[in-house]
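Pulled from TrEMBL:
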BINDING   125-138, 161-170  acetyl-CoA binding site
COMPBIAS  326-345  compositional bias 'Basic and acidic residues'
COMPBIAS  381-404  compositional bias 'Basic and acidic residues'
DOMAIN    1-191  domain 'N-acetyltransferase'
REGION    276-409  region 'Disordered'
Amino acid sequence: MEFHFDVDALLGERVTAVDQHLQPPGRRGPGYTATHRVDLQQQLMTIIDEMGKASAKAQNLPAPITSASRMQTNHHVLYILKDNEVKTAGKGAIIGFLKVGYKKLFLLDHHGAHNEVEPLCVLDFYIHESLQRHGYGKELFQCMLQCERVQPHQLAVDRPSEKLLCFLRKHYNLQGTIPQVNNFVIFEGFFANQHAPVRKLPPKRAEEEIKPYSLTDREFLKEEVEPPWPFNQSHSLTRSSSLGNSPVRTCLKPFLNEQELLRNLRLCPPHAAAHHLLNGEPGGPAAQRRRTRGSAVGQDGLVAQRSSYSRYGNPAPLPEGVAGGAERRAESSREPLRRLQDSEGRTMITSQDPSHPALLPQPGGTVRHSEGTSPPTEPALTDRTKDPGIREASESKPSGRGDPVDCLPPRFDSRWYDRAGVPWGKQLSWTVAGVSRDAQWIHYKQEYRNTRPW
Ligand SMILES: CC(=O)SCCNC(=O)CCNC(=O)[C@H](O)C(C)(C)COP(=O)(O)OP(=O)(O)OC[C@H]1O[C@@H](n2cnc3c(N)ncnc32)[C@H](O)[C@@H]1OP(=O)(O)O
């Protein structure tokens, strides 16, 4: 990778280690001033930013995980390998880089026990495409191992790519992994000798919060799904960006305008976070994991952030004032609702309980009736249920009554009502980008959306 300035002079050695101070170690002539220093630092930052972008592209990441600004805010070390042999117009070139750093992790050992450790982690590693498989990666990695005085099996690797796994297998015989619930990969022998660099952590202070699983450097890349209005206004789930801080659950703020609230609640598709809030379910990782079916193993760090994890007890109960709170509790003992679709594609909500609030007259001409008073016609499969994805969702949640349409996903819980007594999960259509969509479509999109950033 070439630059318009003299990389050779800037970096000096073949391999340069850079920390958060971003001090270029290169040659300093007699007339070296503060202005020069700023210029050189700017050049170094340009190199880091460009290499970070190239690495992200090589790994199909949506954004770089290595940049000058991220280097300044983290205690990472960047090893930069330069080409001082093949000079490009006398300025040299960058071959690649390797970023490492110590991280507090909760890692499982062979017995499945959690260990709070702080190993050196491989965070980002890139060799320019034109120079891969020429031994440069090994040269850089070897240099890092010597500088950090660490053995390969003592490292934790942050979500390694296939290429990196092959690399570690070939050069360091690292094959057997110890399964983890986060995105870090550790190898056999990791726990065998826990002397340096696996740091002994100081005793925890009484009030110090812990996170259940470890965050990777790549967590910020994950798709952030903003809850629908008004939950994005309420700050009820305050996400902390700092490592180790659990999110804090506070009371929902009073809503702004009741009319506006009701109108928007009906327009907004149910969101997992909103559902979670309204149902007041315990936000345990297991419960969350069930909702993130299809996502990669190792979502737990993110899940823990999102689920208001606290070591000090259960999540706060849902405040009475929250829309649907009292009604929802009352509804929990009611007969379950059923949704049927007739041969003309009309949707019907039915229940054996004629006084069920969901059977109140609804806008939009939806047919709702209690069972016994007006039996539904035989349900028919719609065109969409011929869609393999939808069919799979339907078949995976049988109603137990042989009804292929009565397969409402768990998110659309019948106990979930707004203030007007309309069950949110039973809303029949939402307008998405100007197109009317129904609950099954929304569910399909949620279930099969790829939550991985790449
Ligand atoms: C935590 C993380 O950073 S994950 C991200 C790792 N980075 C990437 O995936 C970016 C793209 N890849 C690269 O930049 C490089 O391939 C690196 C950094 C993984 C390895 O650097 P290289 O200079 O290619 O390694 P080096 O030449 O020393 O060793 C080559 C060995 O690496 C592995 N390797 C390198 N490229 C590939 C590849 N395209 N496919 C499979 N294995 C590969 C192989 O084991 C290879 O040995 P082989 O050629 O005999 O099969």
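Yeah, the Cβs are placed from backbone N, Cα and C, and that goes for glycine too.
According to DSSP, F125 (acetyl-CoA binding site) sits within a strand segment. Non-local contacts of G137 (acetyl-CoA binding site) by the CB criterion (under 8 A, 6+ apart in sequence, same chain) comprise G96, F125, I127, F167. By the criterion of other Cβ atoms within 10 Å of the residue's own Cβ, the least surrounded of the binding-site residues H128, H134 is H134. Proximity to ligand 1 (Cβ under 6 Å from any of its atoms) holds for these binding-site residues out of F125, H128, G137: F125, G137. In this structure, of the binding-site residues F125, L131, E162, L165, L168, the smallest number of CB atoms within 10 A of the CB marks E162. DSSP gives E162 (acetyl-CoA binding site) a helix state.
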